[in-house]
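Participant: I'd like to ask you about the structure that follows.
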Amino acid sequence: MVPWNSIPLEITYQILGWIAFFCWSIALYPQIILNFRRKSVVGFNFDFAVLNLTKHSSYLIYNATLYFSSAVQKQYFEKYGFSQMIPVAANDVAFSIHVVLLTIFLLFQIAIYDRGDQKISKISFVIVALVWSVAGVCFLIALPTHSWLWLISVFNLIQVCMTAIKYTPQAFMNFKRKSTKGFSIVYILCDFSGGVANFGQMTVQSMDQNSWVNFYGNIGKLLLALISIFFDLIFIFQHFLLYSTKREMIPSKTSKEEEEPLIRPCGHHAESENV
């Protein structure tokens, strides 16, 4: 393992990494809690959850393999130089494992809670099937030559593409409904904070090593942060500016107020007593 040149930068690197882990890890909890309290997933885009699972599963494969496999690390050093540091930290692996489990639980909520007329689109199923088919073909190509670094780089590229795709259905759904009701803005704020901390962590490593290799050596981590920040800013704009006055104008289909009015007709009580 290549040593750090500066202890303060190493400490900063670790702090930023675990801040990113904390922010990204808790990001899905507000949405899970919101779904639980409403007993409804109306307003939360199902395509986002399906695409998110493929995205984070791909990222987990990349992070865990590069972090734990000595054979893949050797291939990385041979390509980028033995003086470079592995661009994957322990917090990256921990985050990937945690968020995959949370996304699976979100899909479970989609299965058991009120969905209204929402459903998973056929396009999402096609995208997921295509992605894993490509991954399977790449595995067969890499197998004879043991090109494992190339293979996990494919998974890293997949997670970047899925990051760009997964936010689009929710952003369009908010635009179509002219509301962000049912979609947790706390998730977005945590996601944004995690992206900023993740980018800062990579910058600190580059400063210590006086090299920018970790940016293009793990281009997926860089693009993950930048794409997340870009879409988070769109959601923040939608929630706080564009649709801020309309969030409460669209009632939930499971709202108790719809089923039982607060003010009953004058004759209602008398009719109930005569039954």
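Using N, Cα and C of the backbone, Cβ positions are placed for all residues, glycine too.
Feature list, courtesy of TrEMBL:
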type     : residues : note
TRANSMEM : 15-36    : transmembrane segment
TRANSMEM : 57-73    : transmembrane segment
TRANSMEM : 93-113   : transmembrane segment
TRANSMEM : 125-142  : transmembrane segment
TRANSMEM : 148-165  : transmembrane segment
TRANSMEM : 185-202  : transmembrane segment
TRANSMEM : 222-243  : transmembrane segment
REGION   : 253-275  : region 'Disordered'
Participant: For the transmembrane segment (148-165), could you work out the same-chain residues 6 or more beyond its ends whose Cβ comes under 8 Å from its Cβ atoms?
Facilitator: 51-52, 54-56, 58-59, 61-62, 65-66, 69, 71-72, 75-76, 79, 127, 131, 134-135, 138-139, 142, 218-221, 223-224, 227-228
Participant: Do at least three C-beta pairs under 8 angstroms join the transmembrane segment (185-202) to the transmembrane segment (125-142), pairs 6 or more apart in sequence?
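Facilitator: Answer no: the transmembrane segment (185-202) and the transmembrane segment (125-142) share fewer than 3 Cβ pairs below 8 Å.
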Participant: Against which stretches of its own chain does the transmembrane segment (15-36) lie, if we need a Cβ under 8 Å and a gap of at least six residues from its ends?
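Facilitator: Contacts with the transmembrane segment (15-36): 44, 89-92, 94-95, 98-99, 102-103, 105-106, 109, 113, 182-184, 186-188, 190-191, 193-195, 197-198, 200-201, 204.
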